[in-house]
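Okay, so TrEMBL annotates it like this:
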DOMAIN    B:66-282  domain 'ABC transmembrane type-1'
TRANSMEM  B:9-28  transmembrane segment
TRANSMEM  B:69-91  transmembrane segment
TRANSMEM  B:103-126  transmembrane segment
TRANSMEM  B:153-175  transmembrane segment
TRANSMEM  B:213-234  transmembrane segment
TRANSMEM  B:261-281  transmembrane segment
């Protein structure tokens, strides 16, 4: 009897907590449909040309993902399967990058981007994002490759594979699961980034989805539902991906904490 | 196979290039700029030695941002850990409804900070905000507050928002570390007559020490990194009540254009981050041996 009651109590408390977690999400959706209903969404896409910003964010995100994968996979292979002087020191140094707040290096990064004349260009974001997000990808990919047996490489060498061929033909195809997780992690980091997007993309046409609402805040004071419809649209790609690849999301984001 | 493979440097060259140009060089350059008086635009930089640091250590706003950071970090890390643990523990059985709950609680983790901040600006508005309106409806008018506008409350509101956004993360970490706990231990402790609460507090919680540790480190680092949510919600106000090292630094660098001074603040943040890292490496090595 008592255990029954404890179970009921537990379910009630959990339900209450989950409802509390849902309130802000409900508020987001509800406000976005106020007054003109679905028309708010149409408005957000046409009147403030949100489509252009979605395109910008997509271009930057896709380029960042490609670059991150290109630089992390070979590096993870080398750190995991090859022996060379300074291996551990270099790896630790890159780990340090995980800890540095982006804002703390913003002043010099602005100088660098300016010297390349990259303001209002996609590279202004793609390169710093890659630098900031690749180290975590490296940690994940190296951890994954550490679990693949080294004998595979030796077997490959006997069959006449060069080291590079064994990386390309034997290891790389096996890393697909971790590549997926790195992709999702990079997607989130790049889509959601705000600081550099605000500093580097000043031209209206070049702005990312994360900074556009600020610009239209004035316009939207009288049109809160329109703003919220825009917010839902910004969020939609992430939600769709989350629903499709839930497991990868959780693994990708929590892997660092679970491992160490 | 024991030979040194110098070709490895080719494999790591690309990531090292990114690291050197966009992280290490800016890191060192930050410390250099912090020795100058400079607005970030002019060609001329005026060398002033450690004067920026002297000004900073005498600036009450800087110290307030440090105090806010510590308060924020301790509260957020503590609450997220305990709440995340309790949620993970009470939903450890493989029920469908629990899976659904966990999916929902994780959603805020992936949301864009700008969306989070607008939603909460709306929810917490003094007039017409859902929270205050609900309080007024049930007759608790006296509890209605300026959640983001009152200097005594604002920081705690930000803590609450961050907890909402981050508990799904700590919960998921606990969920995965609990699955690796040996089931026999739990059963044995129940057979030995431990109560439910004793099992949880005295058996399960201590066994997850490594998880508590990494969540604390990650939490401290993300507290140091937090910028967008606070910038968008309060800009560090009212009267610096929610000022963090990050917002303070941003203000000096990109609002008042004292980039030499801002770099001194950034330097302190970098030293903080490094201290946490070294602390982590030391401790995790210590526990491994």
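These residue numbers are counts, starting from 1, taken along the chain as shown.
Each Cβ is built from the backbone N, Cα and C atoms, and glycine gets one as well.
Where the annotation comes from TrEMBL, it is an automatic prediction and has not been curated.
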Out of B:9-28, B:69-91, B:153-175, B:261-281, what stretch is closest in contact terms to the transmembrane segment (B:103-126), meaning most Cβ pairs under 8 angstroms?
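Stretch with the highest Cβ contact count: B:153-175.
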Are there residues at least 6 beyond the ends of the transmembrane segment (B:9-28) whose Cβ is under 8 Å from a Cβ of it, and what are they?
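Hits for the transmembrane segment (B:9-28): 270.
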Using Cβ atoms and a strict cutoff of less than 8 Å, what residues sit near the transmembrane segment (B:69-91) while being 6 or more residues removed from its termini?
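Non-local partners: 98, 101-102, 105, 155-156, 158-159, 162-163, 166-167, 169-175, 178, 200, 204-205, 208, 212, 215-216, 219-220, 223-224, 226, 244-245.
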I need to check the long-range neighbours of the transmembrane segment (B:261-281): which residues 6 or more away from its ends have a CB within less than 8 Å of a CB in the stretch?
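Beyond its ends, the transmembrane segment (B:261-281) has Cβ neighbours at 27, 30-31, 33-34, 37, 52-53, 55-56, 62, 217, 220-221, 224, 245-246, 248-250, 252-253.
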